[in-house]
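**Q** Supplied in structure tokens, the structure appears directly below.
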């Protein structure tokens with residue numbers, strides 16, 4: 001087997017554990033130096049490959065690479081850059097293959113969501129056609145947990161843990177204040193199309209720690225009347241309640257609830273979140289004092305409260321990707337298979353990219369309670385294993401120590417390319 | 001020494017560690033059963049005392065009480081209820097003394113901020129005048145860190161740690177995304193009048209991990225022009241930047257920046273945060289894509305990332321309060337004294353309540369950099385010890401286990417009282 005180099009890139013929104021996958025890729029490649037030469041990373045994702053801006057991960061020590069396991073964000077930079085269709089922009093795909101050829105890259109590891117699975121598949125196909133075969137392996141990553149085939153996506157377990165922990169903590173807080181002050185706490189979470197992250201808020205309440213939580217899923221059209229009745233019932237029963245709202249909630253008219261045409265005093269449009277909309281709606285209709293939070297990046301970057309299960313799966317999938325490549329696989333993705341809920345057991349299977357690319361997995365209706373405002377026991381059984389275990393990063397002077405790699409550039413060999 | 005009962009109440013916004021103070025009070029009282037009988041807690045703070053709604057903490061086991069050390073929020077309920085001036089509403093004060101008398105309460109421990117220090121002082125004075133002397137001891141608590149005399153306030157160290165960790169994590173995130181997407185991340189934090197919490201965002205960047213952070217303090221009148229120039233300079237230099245904005249930032253006209261007269265499509269006033277205002281301002285003027293977060297309750301409830309120093313001080317001050325009472329002190333507050341910055345050393349001194357009540361400590365100007373957008377080395381030296389150490393709560397099934405006490409009511413002895 002001829003030694004060829006590998007290329008690894010991070011794509012789309014980053015997570016608390018995408019670097020754990022990078023760690024799995026690089027450590028496994030380093031353990032197979034007889035087959036894989038260098039591991040190059042794309043600076044700022046696939047854009048780095050197009051620009052021939054490659055990072056030589058070999059310049060970083062084993063210790064630094066091992067520390068990737070604990071660092072949130074994308075260590076090599078990520079990008080929001082969707083390659084156009086093959087027919088539309090064949091030049092970009094050809095450029096990628098040229099760059100791979102120039103740097104003796106025979107393995108392409110792409111760490112991202114549904115879009116990047118599609119890109120990965122196209123690159124595999126085109127490279128083949130162009131007579132420079134590249135084994136393209138996709139490594140799943142997305143906080144949204146919306147990829148098909150795989151039982152869950154690395155990144156999701158940690159954001160779910162963050163949301164469950166935060167909703168529990170904030171619910172304790174509002175419970176303390178409710179008699180004379182705040183009655184309702186509203187927390188906005190990510191999930192434009194799928195309610196997996198919002199659902200995690202439901203885990204905050206369990207039989208040992210019952211809490212009144214109302215969830216707004218993007219899968220359920222928002223009914224103001226039913227929602228207000230639910231909140232009011234909760235406050236009447238418990239004295240307070242917490243609302244977890246997905247950023248992607250839409251009204252019965254199909255419009256995002258966050259899109260309220262907010263204007264400032266000068267008539268300028270303001271981009272606000274959905275949490276203040278919901279909070280103000282409750283105040284106006286029910287008169288309850290509220291507090292609201294928008295977690296935004298905090299939720300997906302919260303490596304300090306990452307799920308150990310998630311970290312382990314992220315690493316294992318990175319490792320598996322390299323092992324699959326070494327076995328000669330192409331246009332595939334290692335995926336998590338659930339063997340048992342309790343105790344949780346999982347393994348890794350191989351999924352063809354055709355089944356993954358551009359398919360979005362939303363919450364099954366039976367994961368949501370009949371009234372549309374909570375999670376079912378089925379959902380809890382699915383989700384609980386994913387937030388299991390803590391995996392604290394090292395601290396110094398009170399702060400988590402997140403590695404920054406050297407990110408040394410590989411000398412360019414090709415002419416510039418306009419992206 | 002005759003055995004008398006103690007009364008303990010939590011006041012105002014709760015924190016991640018106020019229950020650690022409660023733990024210190026109750027455990028120390030239990031260790032002195034020859035002097036202190038029962039420890040009663042006010043259900044929902046001082047309102048519980050007015051209503052004679054007392055909780056018998058003796059009904060909870062030593063294990064439950066010990067677990068208070070790890071539970072955020074107010075275990076007995078808190079309240080936002082400021083007793084009026086003595087002359088205005090003498091009846092309320094008299095009622096308190098009556099309740100204390102009816103339940104043989106000789107020790108009053110009040111765990112709160114500046115307002116409650118004032119209440120504590122008044123109760124001590126009035127009880128004396130009414131011929132039923134009560135030793136009133138105030139235990140400092142406030143995330144805002146704005147109490148005088150004490151070097152810092154329990155609750156602050158943990159919120160500071162949460163903010164520093166979160167800003168570091170989110171800054172790593174935006175750095176990953178900056179080339180093709182988000183350039184600026186804006187995080188809104190608490191602190192209506194004092195910028196201590198916002199300042200903690202500055203700790204996210206240090207000499208081992210430099211990050212571009214711009215802080216907006218309530219102590220510095222907001223200049224749009226200077227702020228935009230600063231953000232632009234940061235983005236030009238680093239490619240991205242994080243902005244930490246205190247909810248209490250005001251323009252040069254003295255108005256809260258968050259008060260933008262936001263209206264929805266129907267003309268209804270919307271209560272929004274200051275983070276979206278800042279984010280939209282940056283987008284409009286500089287064109288940078290942004291993300292924004294509002295931490296709200298999450299920051300003060302985040303027991304999962306509490307500072308060990310903070311937890312230890314909260315417990316120690318609760319313990320000291322009881323010890324002071326046993327020494328015969330009255331109308332005082334145990335306060336933290338800093339003996340050394342590095343290595344950090346502290347002890348507890350006694351402060352008369354006259355010096356504490358109704359005084360607000362804002363950030364000294366020399367804690368803020370000359371340009372008004374960062375923290376000075378002096379501030380860092382002050383603040384760093386306060387976020388030192390982790391003190392993780394116990395977890396089960398992936399979630400922190402926060403104790404809930406039985407909160408058994410003490411039988412009433414008096415007629416009802418209208419609050």
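Just so you know, glycine gets a Cβ as well, placed from its N, Cα and C.
Straight out of TrEMBL:
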DOMAIN    A:9-324  domain 'Phosphofructokinase'
BINDING   A:13  diphosphate binding site
SITE      A:115  site 'Important for catalytic activity and substrate specificity'
SITE      A:141  site 'Important for catalytic activity'
BINDING   A:142, A:143, A:144, A:190, A:191, A:192, A:247, A:297, A:298, A:299, A:300  substrate binding site
ACT_SITE  A:144  active site, proton acceptor
**Q** Between residue A:300 (substrate binding site) and the residue listed as 'diphosphate binding site', find the distance joining the two CA atoms and give it rounded to the nearest Å.
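**A** About 9 Å separate the Cα atoms of these two residues.
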**Q** Radius 10 Å, atoms counted are CB only; among the binding-site residues A:13, A:191, which position scores highest?
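**A** Per the Cβ count within 10 Å, the most buried is A:191.
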**Q** Where residue A:144 (substrate binding site) and residue A:13 (diphosphate binding site) are concerned, what is their Cα separation in Å, rounded?
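**A** Rounded to a whole number, the Cα-Cα distance is 10 Å.
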**Q** Neighbour count first, Cβ atoms within 10 Å, every protein chain included; then name which of A:247, A:298, A:300 tops the list of binding-site residues.
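**A** The residue with the most neighbouring Cβ atoms within 10 Å is A:300.
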**Q** When C-beta separations to chain B are restricted to under 8 angstroms, which of the binding-site residues A:142, A:191, A:247, A:298 qualify?
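**A** Listed binding-site residues passing the 8 Å Cβ cut to B: A:298.
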**Q** Let me spell it out: for each of the recorded positions (A:115, A:144), count the other Cβ atoms within 10 Å of that residue's Cβ, using every protein chain shown. Which one has the most?
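**A** That would be A:144, with the most Cβ atoms nearby.
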**Q** What is the one among the recorded positions A:141, A:142 whose Cβ has the most other Cβ atoms less than or equal to 10 Å away?
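**A** Of the recorded positions A:141, A:142, the highest Cβ count within 10 Å belongs to A:141.
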**Q** Of the recorded positions listed here (A:13, A:115, A:141), which is spatially closest to residue A:191 (substrate binding site) when Cα positions are compared?
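**A** That would be A:13, nearest by Cα distance.
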**Q** To the nearest whole angstrom, what is the C-alpha distance linking residue A:141 (site 'Important for catalytic activity') and residue A:13 (diphosphate binding site)?
**A** 9
**Q** When you rank A:115, A:142, A:247, A:298 by Cα distance to residue A:13 (diphosphate binding site), which of the recorded positions ends up on top as the closest?
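**A** When the Cα distances are compared, A:142 comes out closest.
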**Q** Measuring Cα to Cα, how many Å separate residue A:298 (substrate binding site) from residue A:115 (site 'Important for catalytic activity and substrate specificity')?
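**A** Their Cα atoms are separated by 24 Å.
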**Q** Taking the Cα atoms as reference points, how far is residue A:115 (site 'Important for catalytic activity and substrate specificity') from residue A:142 (substrate binding site) in Å?
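**A** The Cα atom of residue A:115 (site 'Important for catalytic activity and substrate specificity') is 11 Å away from the Cα atom of residue A:142 (substrate binding site).
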**Q** When the pLDDT values for the domain 'Phosphofructokinase' (A:9-324) are averaged, what is the result?
**A** 94
**Q** Given that the record lists A:142, A:143, A:144, A:190, A:191, A:192, A:247, A:297, A:298, A:299, A:300 as binding substrate, what is the largest C-alpha to C-alpha distance among them, in Å?
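**A** Between the outermost Cα atoms of A:142, A:143, A:144, A:190, A:191, A:192, A:247, A:297, A:298, A:299, A:300, the distance is 16 Å.
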**Q** Using DSSP and three states only, what is residue A:13 (diphosphate binding site)?
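**A** In three-state terms, residue A:13 (diphosphate binding site) counts as coil.
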**Q** Where does residue A:142 (substrate binding site) sit in DSSP terms: helix, strand, or coil?
**A** coil
